[in-house]
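K.L.:
Quick one: the structure is below, questions incoming.
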Amino acid sequence: MSRTVLSLPGDGIGPEVMAQVRRVLDRIGGFQIEEGLVGGASYDAHGTPLTDDTMAAALKADAVLLGAVGGPKWDTLPFEVKPERGLLRLRKDMELFANLRPALVFDALAQASTLKTDLVRGLDLMIVRELTGGVYFGEPRGIEDIGGGERRGVNTQVYTTSEIVRVARVAFDLARKRDSRVCSVEKANVMESGLLWREEVQKLRDAEYTDVALSHMYADNCAMQLVRAPKQFDVIVTDNLFGDLLSDCAAMLTGSLGMLPSASLGAADANGRRKALYEPVHGSAPDIAGQDKANPMACILSASMMLRYSFDMAAEADLVDRACQDVLNAGIRTGDIVEPGMTPVGTAAMGDAVLAAMDRLSGG
Ligand code: NAD
Ligand code: IPM
Ligand code: MN
């Protein structure tokens, strides 16, 4: 089986965390890894956050790994060439409509959460975020002069039934392999697109997934419930913008944004293979970039999701996950998850520790 991976380290801490992922993949072996530019790095080299060549390479690869994009250096660029546009184009052109953002609390980190340990210990929830629709891509959009010195900024929240149904299906299928519970989140009380969302998700459940328990929740309440009693959730399915906000919120339950991986998946082809991009949920962290301080675990765990979802390498994915767990158990921590009495290690040292744990666990 071909295992071509396009690696796009991007900006800020992206290249630092991706360097550790490369070491992990090299240790496992069998990948053809190509490297490309995205975000500010691509803008600096080519005047665009994603070239057509890189887009073509992404469409051809068996999987894409991305570090992070963006940073203060590029914040004042015109909208069309901002680093973030590169990532959004990848998602849109690869048709990656389902973004899986698991929030899993490692036992060793239950104390590191800003919430009470009992509330988060054993937490295992999955947020399925719609990724190619909604207000992120809806038309009309733009900033226009409306006379009298006034300007108007416009974005449009829009969803079609097929966009809702295909992402809901991913959530129901995942739930069947977990605790068979889906909570669908929108604001059907104030938005027509939210009402359509609720109706279509319910219809799909009643037609094809009667074995899965479905509940509905307004997004504001969901944000509150996530910090009040997060273990009530199994799978959450929600739109692009609410999913963005709720997954950052869920990240803090696990101790740090530096721990949260994600997988963005497209439709399955005739062989059951999906286009896929894997990236940490965090951004380029300009405040700690270039200082060997970033936690590489979110990116390493994203690579582990790649092994599982794109390459059917469950044993290798388990090895990587267990290695990360071992490292945390041993009290080896970057600054974002360090606890009193521990000395934080750097990004590369965390990579060293994960590799050593992989060797130990595989008897090497
Ligand atoms: P951010 O996720 O970059 O950082 C938020 C906070 O979390 C910072 O204090 C940062 O130091 C910390 N943090 C994040 N990742 C960490 C890690 N691996 N280890 C330790 N600490 C970590 O969010 P932001 O500051 O709002 O955004 C910075 C830039 O990143 C912006 O340009 C934004 O558009 C971009 N961004 C990109 C992505 C992406 O590429 N997918 C995601 C979010 C934000
Ligand atoms: C994320 C980020 C992106 C988003 C940005 C960088 C475009 O916040 O991946 O969560 O808003 O989707
Ligand atoms: Mn985000």
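Placed from the backbone N, Cα and C atoms, the Cβ positions cover glycine too.
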K.L.:
Pick from R121, R129, R198: which one does TrEMBL list with R91, R101, D220 for the same substrate site?
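P.N.:
As annotated by TrEMBL, R91, R101, D220 share the substrate site with R129, chosen from R121, R129, R198.
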K.L.:
Within 10 Å of R129 (substrate binding site) (Cα-Cα), which of the recorded positions K187, D244, A285?
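P.N.:
Near R129 (substrate binding site), where near means Cα within 10 Å, the recorded positions are D244.
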K.L.:
Which recorded positions of P83, R91, K187, D220, D244, K293 contact ligand 2 in the sense of C-beta under 6 Å?
P.N.:
D244
K.L.:
Which recorded positions among R129, K187, D220, D244 have CB under 6 Å of ligand 3?
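P.N.:
Checked recorded positions vs ligand 3; flagged D244.
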K.L.:
Looking at the domain 'Isopropylmalate dehydrogenase-like' (4-354) alone, can you tell me the average pLDDT?
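P.N.:
The average pLDDT of the model in the domain 'Isopropylmalate dehydrogenase-like' (4-354) works out to 96.
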K.L.:
By Cβ count within 10 Å, point out the most packed of the binding-site residues listed: R91, R101, R129, K293.
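P.N.:
Counting Cβ neighbours within 10 Å, the top one is R129.
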K.L.:
Measuring CA to CA, name the entry from the binding-site residues R91, D220, K293 that ends up nearest K187 (site 'Important for catalysis').
P.N.:
D220
K.L.:
Specify all same-chain residues, apart from the site residues D220, D244, D248, whose Cβ lies within 8 angstroms of the center of the Cβ atoms of the Mg(2+) site, ordered by sequence.
P.N.:
A219, A223, L241, F242, G243, L245, L246, S247, C249
